[in-house]
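Worksheet: one structure, shown below.
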Amino acid sequence: MKTLLLTLVVVTIVCLDLGYTRRCFITPDVRSERCPPGQEVCYTKTWCDGFCSSRGKRVDLGCAATCPTPKKKGIDIICCSKDNCNTFPKWP
């Protein structure tokens, strides 16, 4: 009986853990959402466009399987792997 109970507890823990997905902030709404399966990294990408001097840097928040790499100079990407760790940056 104890073996059966222990087996049920282990199976329950394994099943609950397999269903977990990361939560990250997502733009454009800056809402916390569950990431698709396999995407366990949250990222914050910032860059300047033509309005950078008046509006500040553009911001993109999202989920990824691995930390994205910048394709151009001037793009900053910060990655993290905790729920909702990619908050909108605070500007001075």
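Glycine too: its Cβ is placed from the backbone N, Cα and C atoms.
Annotation in Swiss-Prot places CYS52 in a disulphide bond whose other cysteine, of CYS42, CYS48, is CYS48. Looking up CYS63 in Swiss-Prot gives a disulphide bond to a cysteine among CYS15, CYS35, identified as CYS35. Among CYS15, CYS42, the cysteine that Swiss-Prot records as disulfide-bonded to CYS24 is CYS42. Which of CYS67, CYS85 pairs with CYS79 is settled by Swiss-Prot: its disulfide partner is CYS67. Annotation in Swiss-Prot places CYS80 in a disulphide bond whose other cysteine, of CYS15, CYS85, is CYS85. Under a cutoff of 8 A between CB atoms, and with a sequence separation of 6+ in the same chain, the neighbours of CYS52 (disulfide bond) are ARG58.
Within the group of disulfide-bonded residues (CYS42, CYS79, CYS80, CYS85), the Cβ with the highest number of other Cβ atoms inside 10 Å belongs to CYS42.
CYS80 (disulfide bond) sits 22 Å from CYS48 (disulfide bond), counting Cα to Cα.
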